[in-house]
Amino acid sequence: MPNSVPGGITIMLSSSSTTPPLANLHWRLLGVILFLVVGVMAMGESAWAGETAATQEMPWGTMAMGLLGGLALFLFGMEMMADALKAVAGDRMRMILAKLTTNRVSGAITGAFVTAVIQSSSVTTVLVVGFISAGLMSLSQAVGVIMGANIGTTITAQIVAFKVTKAASLLVAIGFLLNAAGKSDKQKNYGAMIMGLGMIFLGMSMMSGAMKPLREFQPFLDMMISMQNPLLAILVAAMFTGLVQSSSATTGIVIVMASQGFITLEAGIALAFGANVGTCVTAMLASIGKPREAVRAAMAHVLFNIAGVLIWLGLIDNLAHWVTVISPQSPELDGMARLAAESPRQIANAHTLFNIANTLIFLPFTVPFALLIQKLVPDKAVAATAGKGEVQVKPLYLDDVLLHTPALALDATRRELKGMGLRCGLILNDALPIILHGDEKALADFKERDEEIDVLYSHFIDYLGKVSRGKLTDKQTEEMINLVNAVDTVENIGDIIETNLVHIGRQRLKNNLTLDPESEAFLRQVHTLVLESLEAAMWAITERDSKAISRVLDINDQIDELVTASSINHLKQVRAEDASRVEHYSIVRDYLDKMRRIYSFTKALARLAEDTIDANKEVEDFLEDTLHQLDDDEIELAKKP
């Protein structure tokens, strides 16, 4: 059912899943199918030309169905588990990033933790860009977070390396029952998390079973032997990761192949390197058309990943030896059986060790690294002024990458709302002198400034419409409705400025009126209080500040007193024989009336903010508990620059 909100806006809302994870998989599977077709062709014409007995006996149809079906279950399980993790912890992610990235070490640790939860280094990068734009984080701090994000992506490889495929069906059943019978959103999300994990293992089992006949197919084995060439392996994995836009999916499939003994540890490490390079495609695509901060963050991601691969390219054998030492071994087995038993965990450990080592190598150099990025991606020269009728204003934080994590998308909307409110405040700040003293050109130019608010408003409604089609909890649905109301309220303030205040200015010009200094002083006082209330209201709704809410409400009595005093003063000064007395009084009265209307909207914003503060208290308490649980040594480390 569509839910209507004040202002004539109708958005489709649902507290249940309206877009299942499967909807995000069709393009990935298409890319995988194309990649597999190319791979089969690459096995060589010799395998097919003679119609050998081995070729004729291969169950190609059964293998293809098992492989693609298993891959679909694997990706579906990843999406389901990630969505559940986001729903459980997504509300806390931005706050953790904001408060636990005071230095490069804590930034890297936080980046790893956040990415492990949301399973997307791209989303982490988008959040970091928002903090840079808001001045909450320097580029060097952001680099530390991006480095840590690479560590967080390795958690999937560690999970899929566990040999629990026999329990996969049981995990799916337990997760389904918990999700179906759960009474709270949290219980349902935990159920979805377990069910997604079971589907990951179930998909791996199906892919492993489908690939078993390939053990006897020499062209495929020859192709796997060619993966011993690290450059070829890196290229293949990078292309595959670029297609599916998920390094976790690539490493998961590599581990499945390793579990069948198709690839050696060295080849698996090279393929994992390629996954790290391929994930940069997502970062670069996400930065196209974005502010320079986004391009710099993407560039940091690309340079860090490529530099790390180049450093380790000649040390693959050494890395393989190190992970062999620290990983479980199966000396009772030999040949392909031992390779299949040992390689999955070894590849997962190599992937994690590689990313941890890269972070430790580059972490001390985040400042010079950030300076290099700033030189490679300098600030753009200020563009020429837009032509008449063109409004060039774009949202800073409304990134589609965040739509897969509704909690983060809503938070981005809140930050963008603050910018829209401040822009509206700047316009209101300039209103009084233009309305009382400006000529027709000044009034016309001033009227056009509201078009910036209108453009941002359309971006907001479009973005929140996309958010509403995602999987929202009841609390997130309520927050989204509050944000729609808040955006609508700010747009209404802009309309009052554009239409009503400009009309007052034109009436003044038409009647050739000039207000006396005392009346103008009263208007200025009321104007200042209303402007202050708008700024406090925007701060309250975006930062959830109860003191700012109180400040907005306290201004009410001050405005009432000034309006009353202004009316009495003006009536005393106007002489009966003054022919313009009615027009003078009308100008003052109308301006005060419009200020009262704007103030009523700021009070509405404050009340919307009040609704979100209690809902956010749980998140604040969680973060405070987390901070208090840190050891004294960790706290001292976090204080170091």
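Placement of Cβ uses the backbone N, Cα and C atoms for every residue, glycine included.
The structure displayed is predicted, hence computed values, not measured ones.
Feature annotation from TrEMBL assigns transmembrane segment to 25-43, 63-82, 103-120, 126-147, 159-178, 190-210, 231-256, 262-286, 298-316, 353-373. Annotation source TrEMBL lists domain 'PhoU' at 418-498.
Between the transmembrane segment (353-373) and the transmembrane segment (103-120), the number of CB pairs under 8 angstroms, six or more residues apart, is three or more, so the stretches are in contact. Ranked by number of Cβ pairs under 8 Å to the transmembrane segment (262-286), the listed stretches 63-82, 190-210, 231-256 are led by 231-256. With DSSP classes pooled into helix, strand and coil, the tally for the domain 'PhoU' (418-498) is 72 helix, 0 strand, 9 coil.
Outside the transmembrane segment (159-178) by six or more residues, the chain places 187-188, 190-202, 204-205, 208, 251-252, 255-256, 259, 344-345, 347-348 with a CB less than 8 A from a CB of the stretch.
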